[in-house]
Amino acid sequence: MQDGNFLLSALQPEAGVCSLALPSDLQLDRRGAEGPEAERLRAARVQEQVRARLLQLGQQPRHNGAAEPEPEAETARGTSRGQYHTLQAGFSSRSQGLSGDKTSGFRPIAKPAYSPASWSSRSAVDLSCSRRLSSAHNGGSAFGAAGYGGAQPTPPMPTRPVSFHERGGVGSRADYDTLSLRSLRLGPGGLDDRYSLVSEQLEPAATSTYRAFAYERQASSSSSRAGGLDWPEATEVSPSRTIRAPAVRTLQRFQSSHRSRGVGGAVPGAVLEPVARAPSVRSLSLSLADSGHLPDVHGFNSYGSHRTLQRLSSGFDDIDLPSAVKYLMASDPNLQVLGAAYIQHKCYSDAAAKKQARSLQAVPRLVKLFNHANQEVQRHATGAMRNLIYDNADNKLALVEENGIFELLRTLREQDDELRKNVTGILWNLSSSDHLKDRLARDTLEQLTDLVLSPLSGAGGPPLIQQNASEAEIFYNATGFLRNLSSASQATRQKMRECHGLVDALVTSINHALDAGKCEDKSVENAVCVLRNLSYRLYDEMPPSALQRLEGRGRRDLAGAPPGEVVGCFTPQSRRLRELPLAADALTFAEVSKDPKGLEWLWSPQIVGLYNRLLQRCELNRHTTEAAAGALQNITAGDRRWAGVLSRLALEQERILNPLLDRVRTADHHQLRSLTGLIRNLSRNARNKDEMSTKVVSHLIEKLPGSVGEKSPPAEVLVNIIAVLNNLVVASPIAARDLLYFDGLRKLIFIKKKRDSPDSEKSSRAASSLLANLWQYNKLHRDFRAKGYRKEDFLGP
């Protein structure tokens, strides 16, 4: 068999929390199994207790015709209020009777009184699918000083409306207050056969599985909730206060201030019941007692602050969008906050309101409030802008034209987490517009890296122990912003590669997440996607000096050198000279591996190990593993010498083939594109193709369709699989033998004959080339005929 007969070029390049810990059903069942005798004794004991209690009440002095117990009577009789303990032995649902018998088998417990500062069954959103628990409520610990075992008494506090984050949802509905971050829909982009690029905007489904702490306060609005989100399993929420969205918090503060003045003195023994449901934003309207319309904005300046807040608390039904925009120009910060809060609420998901707000010049007025002296005004102005620009290209452009990027970066320097979350959320929304990406990259990358990425990743300074919930959300927003920018033009990718500290921060954050066991986090997904995009066409776009360093003097140069230029007594065909490129690879490898910085990380041998760890440890987030495989595909693509070096590093040192094949068995079509593309590149550069054939061929044949009824992967995946098989067949008889043994010929002939679409035409041509190469193995012709195949099946049209 002659090597020249092979068509070598045919396929080559391309949880709520409750203060009453109730017994479980299992315990109640066990207590009920005590028998009739125990029931009779218990009933007699209770009757004796009631008789003794009535006798004691008849002996006490009466006040206004009522018997009043002495203050310490309960304690002296041993009937002090008890505390429930979770799943404690001997607990019974019958333990709420009063007993004078201290030796009784149970502890009498009186009905506990609620305190608004204590936990209630409505104190956390029901997010059972993600095991998310609110961790604090009005300053109280989620589990108290004694942990979850008992409810600690808390001093009475004034009531306040329960925010929407503290209400129990219906069923297991998730908190849907995340709309203004849903601007990044990554749709399919153009790919060539060798490279892998994450396209530009995140799909809504891709942004619905945020970490729990990212959901604490993702959105700027507070008036809408919905269910059905895809929450991740087993998320952890660091201890923090329950967060309410700005508009709800502001409007409820106005109402609480009014209600607290209407409450009389404290009544001994009174029980303050928590509000079961927070009033809606619409119920907190602005109205005046003596008029049916809103007065001029400047008229409010003559009111004292106390009187203003009293009037503001009456409701929100009479305010409209034009009035809210006018409030933005008021001198009273309370009115500015109210105006921004209304705009934020109104523009949550109302496209008409966003258009009306732009026509009323709300955008420039909000921009002027980004750096207001009052931080509450800043928070609500940025929150309103975040909703205003969501899914509205005109409002995004208006923000940029009003010098909004400069003002946002000034605001980003404020050490207030709420502000920084809003600013990074606005930047993320802006980055979904293709025509703004280049300008955003030019104006924001350096400051965003210095102010957010480097400090929160621990790169270039003292290592970061752990991000709190707010810092994690800020970092997540920032990496989402970079993810969108990285899918823009070549110039934007190059600017991101050259931005000092950006790549270092991303690599450091991924390493920290792997060490902490948090590789499923969405910020890790964003970071890996950015690295994948920055690796796209890397060898064509990298600095020439770096490329020359990586290329060195390769095998091609040595093989093509004239005999007179060969130093020493070795001819170009000698074994010694053939070993020189391997020595050059090792020398360049050791040199490049030393302390990579900046864009050097993109082609460093250390990055291969990082991607391999992600492929092996990340089990739930398929987007992360897809991005890691895509990044490896990019840096092993093409005919460059360094692509071959990294391919052999992945195969021989990182042992990446088995993790890849494990992924191929269960991967969806999106993952298969990256995985098969990577295996295709590895098969071209593998030194031992016989060993690779033994591991790969049978797994890939399983993915090929063999009949019309069988489910087939996309044409791009089929082409990648056939290309891998072709790379192995032309160099390894074992691959050809395994194709016959594992019924690969039948599937290849089926693919070859199926030409019912342009995509199937591509896979058909690939199958034809592979079959033609298989026929070159003369020793297998007898086996082919024994299986019922003829020459026309291999070489025919």
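Here the Cβ of each residue, glycine as well, is placed from N, Cα and C on the backbone.
Look at Swiss-Prot and you will find Arg81 (among others) tagged as omega-N-methylarginine.
Taken from Swiss-Prot, the feature phosphoserine applies to Ser123 (among others), supported by similarity to another entry.
Marked as phosphoserine by Swiss-Prot: Ser180 (among others).
Look at Swiss-Prot and you will find Tyr195 tagged as phosphotyrosine, backed by experimental evidence.
Annotated phosphoserine per Swiss-Prot: Ser238 (among others), in sequence order, evidence recorded as a large-scale study or a structure entry.
Per Swiss-Prot, phosphoserine is recorded for Ser240 (among others).
The phosphothreonine annotation in Swiss-Prot covers Thr250.
Per Swiss-Prot, omega-N-methylarginine is recorded for Arg261 (among others).
Taken from Swiss-Prot, the feature phosphoserine applies to Ser285 (among others).
Residues annotated as phosphoserine in Swiss-Prot: Ser313 (among others).
Look at Swiss-Prot and you will find Ser314 (among others) tagged as phosphoserine, backed by a large-scale study or a structure entry.
According to Swiss-Prot, the feature phosphoserine maps to Ser331 (among others), an assignment based on a large-scale study or a structure entry. In the shown protein chains, 10 other C-beta atoms lie within 10 A of the C-beta of Ser331 (phosphoserine).
Residues annotated as region 'Disordered' in Swiss-Prot: 56-82.
Under the heading region 'Required for interaction with SFN', Swiss-Prot lists 283-288, citing experimental evidence as support.
Here Swiss-Prot flags 516-797 as region 'Required for binding to PKP2 mRNA', drawing on experimental evidence.
According to Swiss-Prot, the repeat 'ARM 1' annotation covers 305-348.
Across the repeat 'ARM 5' (491-536), DSSP classifies residues as 36 helix, 0 strand, 10 coil.
In the repeat 'ARM 8' (689-730), helix, strand and coil residues by DSSP number 28 helix, 0 strand, 14 coil. In the three-state DSSP assignment, the secondary structure recorded for Ser331 (phosphoserine) is coil.
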